[in-house]
Amino acid sequence: MDSNTVSSFQVDCFLWHVRKQFADQELGDAPVRDRLRRDQKSLRGRGSTLGLDIETATRAGKQIVERILEEESDEALKMTIASVPASRYLTDMTLEEMSRDWFMLMPKQKRAGSLCIRMDQAIMDKNIILKANFSVIFDRLETLILLRAFTEEGAIVGEISPLPSLPGHTDEDVKNAIGVLIGGLEWNDNTVRVSETLQRFAWRSSNEGGRPPLPPKQKRKMARTIESEV
């Protein structure tokens with residue numbers, strides 16, 4: 001096993017522990033608590049994949065961070081912070097919408113890279129909107145936290161979420177996954193639109209109906225994908 005992979009996991013475990021202590025003192029806002037929950041699932045998946053105990057890794061991560069801080073001067077720390085671009089956290093969904101359990105009458109699940117796509121194929125002739133919580137850097141989608149498809153009545157009928165055991169994805173991965181989800185929902189004559197926030201940072205453009213401008217090649221690929229799986 002690569003030593004950098006292990007040390008990265010150890011540091012991530014310790015930093016999660018620090019953020020958890022911060023939130024437990026009621027100093028964190030909703031995005032902080034949301035990320036804690038999502039990152040906890042990711043760490044559990046990584047720990048299982050690597051065969052490492054999270055508590056032991058957290059202690060080792062603390063030692064690594066303490067050693068770095070001892071060697072780092074205040075001036076170097078200021079320069080590092082100034083040189084790192086800051087990401088923003090954007091929310092279409094409330095905490096309740098993100099944490100709500102939902103059920104599928106005709107479940108369909110597909111993996112697209114490190115993203116898991118789930119949808120209820122029993123849903124027909126509905127108006128559906130896609131909402132997402134994600135981070136943005138340089139005015140582009142950086143990391144998807146969670147995307148869900150809602151009917152006008154507020155029912156959840158689809159979802160895209162990162163796989164805890166496969167961290168890391170690009171904005172193109174997210175757009176491709178959204179294309180698959182839209183294709184699956186539209187197959188049953190549902191009308192799907194994407195939230196303005198998601199359109200702006202994932203595609204930087206959209207049509208008036210809230211439908212992202214998918215290229216013809218991707219449309220054909222989506223149709224073939226859904227047709228082969230139904």
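Using the three backbone atoms N, Cα and C, a Cβ is placed for every residue, glycine included.
Per Swiss-Prot, the feature region 'RNA-binding and homodimerization' maps to 1-73; the stated evidence is sequence analysis.
Summarising the annotation, Swiss-Prot assigns region 'CPSF4-binding' to 180-215 and lists sequence analysis as the type of evidence.
Residues or ranges marked as region 'Disordered' by Swiss-Prot: 205-230.
Per Swiss-Prot, region 'PABPN1-binding' is recorded for 223-230, and the stated evidence type is sequence analysis.
Away from its own ends, the motif 'Nuclear localization signal' (34-38) comes close to residues 16, 19-20, 23, 28, 89, 95, 98-99, 133, 145-146, 162 of its chain (Cβ-Cβ under 8 Å, at least six residues beyond either end). The motif 'Nuclear localization signal' annotation in Swiss-Prot covers 34-38.
Taken from Swiss-Prot, the feature motif 'Nuclear export signal' applies to 137-146. Distant neighbours of the motif 'Nuclear export signal' (137-146): 34-35, 38, 85-88, 93, 98, 115, 159-162, 169, 171, 174, 198, 201-202, 204; these residues of the same chain sit at least 6 beyond its ends, with a Cβ under 8 Å from one of its Cβ atoms.
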Checklist entry - With DSSP helix as H/G/I and strand as E/B, how many residues of the motif 'Nuclear localization signal' (34-38) fall in helix, strand and coil? => result 5 helix, 0 strand, 0 coil
